[in-house]
């Protein structure tokens, strides 16, 4: 089927309202198609989010979701994911998940079989196995190649600062520098080309909201690093009394502002989804003008929008929307602000 393309203006063309609606970050069309089919077959909004994001895990979307991508400093691929029920406000999340491919599936089991919200690391992997998920190698020839190339480039770029030896010219191992140097944080060019997350919001015909994310995180991250994706209110947020939102980009910066929660609160106050997204981006810009990031928003009437921060190499943000008015998953583009 032909993929339609709709371009939105920086001010945000108001979207027509219709339910149900599926919206997800980036041009991950198969994820949207899968989620839409779940709704069409009578599945719940949570089912749609789980299956939609899970499709990206299978497809290894952009190499930044699922197995075989974004190796950390030790060459290992680890996964982060979350899913949120906007009716009950329950959240299930996993971070630093190892040797299990279906991260958002494991996150769903956290809701269904525990009283917890977030499980991490080896313990999350053990929980997944107890829930029936198979142990599988997340490493591929592609991830091994990425790791080898990075080592051959003296481990550049990396995420260390204020250490010796100089992290801009060597691989370490590093120790803390006695005198802390304050350097301006720079936008990592790699981030623009590693889309690092699928975030999805699903709103059913009755206005029920669910959201979720899945990612293999920042490439060459320090082992143990967890970004915004599995954090409720940062990676995504769902509230069936207001709407849902999901973020993508430099999670180390964006998670500090709980952008998805903030966007939903703006929509609760009656703010148009596009404007809500823009307000969130503008808030982060005040503190990190060079950050790489975007956010999608949808309210309970089916109106939706998106916004992104304009930096060199990233001037537009692509996302996918499915609704009865569109007839098929439709790629849309918004100009960054």
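From the backbone N, Cα and C atoms, a Cβ is placed for every residue, glycine too.
What TrEMBL records for 197 is active site, nucleophile. If you take the C-beta of residue 197 (active site, nucleophile) and look for same-chain residues 6 or more apart in sequence within under 8 angstroms, you find 25, 64, 65, 213, 214, 215, 229, 235, 246, 247, 248, 249, 251.
Positions annotated as substrate binding site by TrEMBL: 225, 226, 227, 228, 248, 249, 250, 251.
Per TrEMBL, the feature signal peptide maps to 1-18.
Residue density at residue 251 (substrate binding site): 28 other Cβ atoms are found within 10 A of its Cβ, drawing on all protein chains shown.
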